[in-house]
Amino acid sequence: MPRLPLLLLLLWGTGSHGFPAATSETQEQDVETVKKYLENYYNLNSNGKKVERQRNGGLITEKLKQMQKFFGLRVTGKPDAETLNVMKQPRCGVPDVAPFVLTPGKSCWENTNLTYRIENYTPDLSRADVDQAIEKAFQLWSNVTPLTFTKVSEGQADIMISFVRGDHRDNSPFDGPGGNLAHAFQPGAGIGGDAHFDDDEWWTSNFQDYNLYRVAAHEFGHSLGLAHSTDIGALMYPSYTFSGDVQLSQDDIDGIQAIYGPSQNPTQPVGPQTPEVCDSKLTFDAITTIRGEVMFFKDRFYMRTNPLYPEVELNFISVFWPQLPNGLQAAYEVADRDEVRFFKGNKYWAVKGQDVLRGYPRDIYRSFGFPRTVKSIDAAVSEEDTGKTYFFVANKCWRYDEYKQSMDAGYPKMIAEDFPGIGNKVDAVFQKGGFFYFFHGRRQYKFDPQTKRILTLLKANSWFNCRKN
């Protein structure tokens, strides 16, 4: 999620562990945000009373630490800007630390052939679109388990699905647009397994507002007995993000199969895994600078570093650019145009800030003059001082003049001619401080383009402030 500016005036005083008196309308709103969030999702019980400065301070601090640990934030017990940012994101209404229990018994269905019924429909989508979204969401889970799901049109089903607003008499009222999007109950009789969607939201079948398929797939995980996951790449992560291709992560698959076992398919599906930024084996698909920051890309994720923040930000590419595909293969910044270009296959996209420019994607043949034998770009970097962009394809490099908008004569060359010592394959590259940083596998080479010498050999994730690397 794009970072907010640093909150210079924290809600916590230096020596205080409770809420201070709010000194502005914004602070008062933030105090209320923290209070409601901890009550709803971390079992903070204020009994409807105003949270006092000292009496409940220790409990509030502990609940905040619990929340920060769950989301992988700095564990301070203080509502800093990063913590408030997470609290303000739209999310599932099921608590993170306490089970959403209304029915006694085990958190699983004894019967593997389940029924569902859509009691009513949102006006935001056609009935056919709603039916398709719900069916696809159940199919994600049936693909990896012995479970089957059959739609019924009347009577009581195992999983009842409804679109409701506000207080809908289940002790878990919705809160209007944004915030709490939906919730579902663990398996069981009565309301057990049922899923409720807030009809004050705008439900869609694309990346805008809230994608029904994405939210339904998450809620049905609860209907089947899963709790929230701390893995940001998991479908069962509590905060909402539309990642383009909705899929179960390996964490989701492991969780649901621990309850019901694997599917009966001869070939078991394998889900994507979330990168561990301090994994010494970490490799990258693409890297680029963007407005002074460095962004690393892996599968459907980006990792973002900023000299003002010690932590690495990890999230879906779609958080910044929902129109870009996953699995980007190359990227580079044209700083004087405030533009970044992303490549996948023979297509590329130009972005400015968080906006994909109109008319993209385009193909690399007409725009850059590559021959049709080039099917994709491995890596790219633009040299700020000269306006020359280097493209790396297999063991060759091409040089493109950004001012003339044409390839330079004499190219392609073997990589070793212009960049001796870095090997015959480049996975990713970027320029910073006048140096090129080349990546291949787990290795990183700091290269001086003036002397054409390697200065330092590093591990690929050396930019991430890992204690052990």
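Each residue's number is its place along the chain shown, starting with 1.
Using the three backbone atoms N, Cα and C, a Cβ is placed for every residue, glycine included.
Remember, it's a predicted structure, so these values are computed and weren't measured experimentally.
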If Swiss-Prot gives Gly190, Gly192, Asp194 as binding Ca(2+) 2, which of Asp158, Asp231, Asp245, Asp251 does it give for that site as well?
Asp158
Quick check on the annotations: Swiss-Prot lists motif 'Cysteine switch' for one of 82-89, 90-97, 450-457. Which range is it?
90-97
The residue that Swiss-Prot pairs with Cys466 in a disulfide, chosen from Cys108, Cys278, is Cys278
Additional site residue, Asp279, Asp285, Asp299 [criterion: listed by Swiss-Prot with Gln329, Asp378, Asp427 for Ca(2+) 4]:
Asp285
According to Swiss-Prot, His168, Asp170, His196 bind Zn(2+) 1; which of His183, His218 is also listed for that site?
His183
Record (Swiss-Prot) lists N-linked glycosylation site for one of Asn113, Asn120, namely Asn120
Nearest to His168 (Zn(2+) 1 binding site) in three-dimensional space, by Cα, is which of the recorded positions Asn120, Asp124, Glu219, Tyr360?
Asn120
Neighbour tally for Asp199 (Ca(2+) 1 binding site), based on other Cβ positions within 10 Å of its Cβ
19
Among the binding-site residues listed here (His168, His183, His196), identify the one with the smallest other-Cβ count within 10 Å.
His168
For Asn120 (N-linked glycosylation site) and Asp199 (Ca(2+) 1 binding site), the CA-to-CA distance in whole Å is 11
Any idea what the Cα distance is from His196 (Zn(2+) 1 binding site) over to Asp124 (Ca(2+) 1 binding site), rounded to a whole Å?
16
Cβ neighbour count (10 Å, all chains) around Asp170 (Zn(2+) 1 binding site) is 13
Between the C-alpha atoms of Cys278 (disulfide bond) and Glu219 (active site), the distance in angstrom, to the nearest integer, is 31
